[in-house]
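Participant: From TrEMBL, for reference:
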type: DOMAIN; residues: 176-280; note: domain 'HTH LytTR-type'
type: TRANSMEM; residues: 12-35; note: transmembrane segment
type: TRANSMEM; residues: 47-67; note: transmembrane segment
type: TRANSMEM; residues: 74-95; note: transmembrane segment
type: TRANSMEM; residues: 110-128; note: transmembrane segment
Amino acid sequence: MDIHPIQESSRRWMTALILAVVAAGIQTTLLWGYAGADTLPAAIDGILSVGLLCLLAYLAWYVIGLVSILQTDLLIAALVLLFWLAGGFAVQYVLEQNMGQVYAPFGETLPFRILFGALAWGVMMLWYRLQSLNTVQEEILEEAVSREEALREELRQIECREDKALPEEAECIDRITVKDGTHIHLIRTDELLYIQACGDYVTLVTPSGQYVKEQTMKYFDAHLPSAGFVRVHRSTIVNVTQISRVELFGKENYQLSLKNGVRLKVSNSGYKLLKERLEL
């Protein structure tokens, strides 16, 4: 199942929680000022109504990922608003029956409920569409970079053939030296979890810590044992023995999970290479 974009980082779900609290406050204020409800029933109504709307918006991500037709989006929006209004009516009815709190008839609150729900739903759907667009743009960029790298490799091979010189096979390394101040660390390649590109440097991640080395991803891609390492992304090389699972991420994207719980993004070309290497 796709990972919800709100769950991708703690910053996002914290922001979503804050916005939900603000929305509940606005709904409570409208019920208190517009419908003449007491503070407590207005707060309960506002919290439950906004909570229901948040739940519907959360579930909508998994629906809009399957359809992208405007008419379908409008139909989903109409059904959601009807379901949300029905939930609001049920909340008001229960409050009136059990708490003896009577405020403006539900029909009189429909204008601001519809306006509030439509605005909130529209903002959430717009954000979802932007997230989908960003994913598509990133995939297009990755494919363009992959094609450029493939073209460069093809040109290099043509030049080698013209020079009648066979390319030398890159020598595999079994350890990496990293200088850290006055210390020199010797890292065995079988200790590596993964390598991450960081500007003109790379970060070597091991169970004992992280080490920064001035070297290129292309060098490690060529010199690490091909049976044990795969370049799953233009900025990531992973030790295949540390992979615990590979799963779908988004509509046509993938990510892998390491045994230590770290998740890494996998490009389409990296996923194909990983399937070949793991013989899936």
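The backbone N, Cα and C atoms fix where each Cβ goes, glycine too.
The model shown is predicted, which means the values in this text are computed figures rather than measured ones.
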Participant: Summarise the domain 'HTH LytTR-type' (176-280) by DSSP state, stating how many residues are helix, strand and coil.
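Facilitator: For the domain 'HTH LytTR-type' (176-280), the helix, strand and coil counts are 24 helix, 51 strand, 30 coil.
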Participant: Would you mind listing the long-range same-chain contacts of the transmembrane segment (74-95), meaning Cβ under 8 Å and 6+ residues beyond its ends?
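Facilitator: Long-range Cβ neighbours of the transmembrane segment (74-95): 41, 44-45, 48-49, 52-53, 56, 60, 63-64, 67, 101, 103, 106, 109-110, 113-114, 117-118, 121-122, 125.
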Participant: Give the nonlocal contacts of the transmembrane segment (110-128) in its own chain as ranges (CB under 8 Å, at least six residues past its ends).
Facilitator: 5, 23, 26-27, 30, 34, 49, 53, 57, 60-61, 64, 73, 77, 80-81, 84-85, 88
Participant: Checking distant contacts: for the transmembrane segment (12-35), what same-chain residues at least six beyond its ends satisfy Cβ-Cβ under 8 A?
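Facilitator: Distal contacts: 5-6, 41-43, 45-47, 49-51, 53-54, 103-104, 108-109, 112, 116, 120.
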